[in-house]
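Worksheet for the structure shown next.
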Amino acid sequence: MAIERTFSIIKPDAVAKNHIGAIYNRFESAGLKIIASKMVQLSKEQAEGFYAEHSARPFFGALVSFMTSGPVMVQVLEGENAVLANREIMGATNPAEAARGTLRADYAASIDENAVHGSDAVESAAREIAYFFSADEVCPRTR
């Protein structure tokens, strides 16, 4: 199996409800290592840049507004098949459709406030990691 890196955001709704520790526990319990992490308050420009691929979609304005409504936790996760592993931990985008025991089933209120973001591919993970972290902020864990 391939050791990969993926990018994750704990969104403003989950941060406001103090779910950071519980979500980190889920990552680590699934064998993912947190190799970079920080809390940030996204500016409108940062949110628009990060979600630029959705700029033509009708929900874009609401997404940017939500993502700038409070601080978020951004983190880099590393582990075997990390992209897929994190997506399985997160569950379906719509929490009403998310499998029981997934982050979105347990911590999300709606499809709009769905607690977490995770990269959908190794390539997007690399781009998203670089958007928030410099190379010297990522600390591989070899033990």
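From the backbone N, Cα and C atoms, a Cβ is placed for every residue, glycine too.
What Swiss-Prot records for His117 is active site, pros-phosphohistidine intermediate. Here the Cβ of His117 (active site, pros-phosphohistidine intermediate) has 20 other Cβ atoms within 10 Å, regardless of which shown protein chain they belong to.
The ATP binding site annotation in Swiss-Prot covers Lys11, Phe59, Arg87, Thr93, Arg104, Asn114, and the record cites sequence analysis as its basis. In this structure, Lys11 (ATP binding site) belongs to neither helix nor strand by DSSP; it is coil. Listed in sequence order, Phe66, Met67, Val72, Glu113, Asn114, Ala115, Val116, His117 are the same-chain residues six or more apart from Lys11 (ATP binding site) with CB atoms under 8 A from its CB.
Of all the binding-site residues listed here (Arg87, Arg104), the one with the fewest other CB atoms within 10 A of its own CB is Arg87. For the binding-site residues Thr93, Asn114, the ranking by surrounding Cβ atoms (within 10 Å, all protein chains) places Asn114 first.
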